[in-house]
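S.K.: From TrEMBL, for reference:
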COMPBIAS  19-35  compositional bias 'Basic and acidic residues'
COMPBIAS  50-63  compositional bias 'Basic and acidic residues'
COMPBIAS  535-545  compositional bias 'Polar residues'
DOMAIN    93-498  domain 'Major facilitator superfamily (MFS) profile'
REGION    1-76  region 'Disordered'
REGION    515-545  region 'Disordered'
TRANSMEM  91-111  transmembrane segment
TRANSMEM  131-151  transmembrane segment
TRANSMEM  217-240  transmembrane segment
TRANSMEM  260-279  transmembrane segment
TRANSMEM  316-334  transmembrane segment
TRANSMEM  354-374  transmembrane segment
TRANSMEM  386-403  transmembrane segment
TRANSMEM  409-428  transmembrane segment
TRANSMEM  448-467  transmembrane segment
TRANSMEM  473-493  transmembrane segment
Amino acid sequence: MVAGELVQELHPGAPDDITVMKKIPEPEGDTERCAEPPYAAAAEEAPEGAQEKDVPPADEREAMLPNGGRGGEEEEKHGAILETKLYLRRFAVLAVFSLYSLSNAFQWIQYSIITNVFMQYYGVTSDKVDWLSIVYMVTYVPLIFPATWLLDRKGLRLTALLGAGLNCAGAWMKCASVSQDRFGVTVSAQVVCSVAQVFILGLPSRVASVWFGPKEVSTACAVAVLGNQLGTAIGFLLPPVLVPNTPDDPELTGRNISKMFYGTAAVSTTLFFLTVLVIKDRPLLPPSHAQAVLPDSPGEDYSYKQSIINLMKNKAFVLLLVSYGIMTGSYYSVSTLLNQMIMACYKNQELNAGRIGLTLVVAGMVGSILCGLWLDHTKTYKMTTLIVYFLSFLGMIVFTFTLNLNNILLVFFTAGALGFFMTGYLPLGFEFGVEITYPESEGTSSGLLNAFAQIFGIVFTLIQGQLTHHNPLIGNLFLCSWIFLGILLTAFIKSELKRHNVNMGAENNRLQALPTNCPEDCSPGEKTNGDKLETSVSFSRETSL
């Protein structure tokens, strides 16, 4: 990238086509190039017809431009150009990722929602079946750091292939575990699926940022998270239907489990091949200003360790780590223990327990999409996050005190309300984290958020599980107290919309990329792990709706 300014302006007389031109001033004097401009090669090699495909709507084009696309006269003096463009392929990438994320989430919850069936079939206690869910969280924490390093170094495609491939392998291993003396095999298979999850959960923000424009990035992230939520919903619905409780006929139970496992393996295999065909690291040209000013691959001086240090020094992000961990960990705990909570209050209601879980997650999917659309429209990240957090707390309170009223229809309603806000919070946390940590890698920030979510999920599931054995009310009140703490932490987060300001051209429609390996141009205080915004750019803080 050229040391100096990246001036992002559109030629006032440019034709109304699908690309956005960004001018790079020629270096003055003996100024040396520290690195090639990101996407510069792609811009030069783009075919002549490339500008006539995948035309984005006019409002998306304007959203990518400072002042709605009204540039100045200065760009006529500059020669080199960078372009931004939206490709139709982005929808295929998003769809395939969401589907194999769905498959992985289904395999996470398929044991817990019929805990009593697997207890009887394998002859194990409930806490051992709980560990088939907890292992997803335990595996994630130590492996997320090499996984995010791989994402930064090798890109989206290899990471996606590992996620889809391991998910497929784990599904086929489960097919070999259908025997009453093979509980160890099903544990091993679930461990493989849990490793696959490490290469899946941190990708929604990366997929959205690398492939989607600024007016659709939050919605795209919500849809990517939606796939995981939909998998959980199907995991609540199908297992009780496919594997009904038949304690007097273990052979029939085994055949039913086998059908479920083989069906999952077939779907996972199909999705793996689609991943091979569809997913690429990034489009030929970047979708937004925020992506265009970042390098398309880490420089030689890139340090993953330094990136982690930068994030942990960001006080706003640290607060978000804890608050996101509390909310998402609570969601994991409720999902894992839902069957046991329902069965403690309503006997022989396995099927309805699955339907209640489905209601919880489907309502959350609607909440996720609405929150994503709202963020794209308003960019009020902190305000929206705080409101949704508070409403999740109220939903948890209502769910807690209506669970044992001997009215299962009421439980359907309260679980739906809880899921709408609690599950709807998940993409909010991802996108808020990207905003306040830009230009650090989306994969690294999302990976840390998920790591804290898994840690809290493990602790909450183990503690609430023990409390639920005595009284579900006590276990739920335990979660309520932690969610209230999360509200307080969220209120203290300072909201600086860094990525948004880049896409809007900041204050004066001018951006500057400062390479770390140019000591003549960069003062010590300005050096970071990669390119960053000019220090003179003032980031606006979110103050109102």
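Yeah, the Cβs are placed from backbone N, Cα and C, and that goes for glycine too.
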S.K.: Is the transmembrane segment (409-428) close to the transmembrane segment (316-334), in the sense of at least 3 CB pairs under 8 angstroms with a sequence gap of 6 or more?
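M.R.: By the criterion, they touch.
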S.K.: Can we call the transmembrane segment (473-493) and the transmembrane segment (131-151) in contact, meaning three or more C-beta pairs below 8 angstroms at a sequence separation of 6+?
M.R.: no
S.K.: Can you say which of 91-111, 131-151, 260-279, 354-374, 386-403 has the most Cβ pairs under 8 Å with the transmembrane segment (448-467)?
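M.R.: So the stretch in question is 131-151.
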S.K.: Between 217-240, 260-279, 354-374, 386-403, 409-428, who has the most Cβ pairs under 8 Å to the transmembrane segment (91-111)?
M.R.: 217-240
S.K.: Would you mind listing the long-range same-chain contacts of the transmembrane segment (386-403), meaning Cβ under 8 Å and 6+ residues beyond its ends?
M.R.: 323, 327, 330, 341, 345, 367, 371, 410-411, 414-415, 417-418, 420-422, 424-425, 428, 472-473, 476-477, 479-480, 483-484, 486-487, 490-491
S.K.: Can you name the far-off residues of the same chain, 6+ from the ends of the transmembrane segment (217-240), with a Cβ under 8 Å from a Cβ of it?
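M.R.: Distant contacts of the transmembrane segment (217-240): 90, 94, 97-111, 113-114, 200-201, 203-205, 207-209, 211, 260, 288, 335, 338, 350-351, 353-358, 360-362, 364-365, 368-369, 371-373, 375-376, 423, 426-427, 430-431.
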S.K.: Which residues of the same chain, at least 6 past either end of the transmembrane segment (354-374), have a Cβ under 8 Å from a Cβ in it?
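M.R.: Same-chain contacts beyond the flanks: 109, 113-114, 218-223, 225-226, 229-230, 232-241, 334-335, 338-339, 342, 380, 384, 388, 408, 411-412, 415-428, 431.
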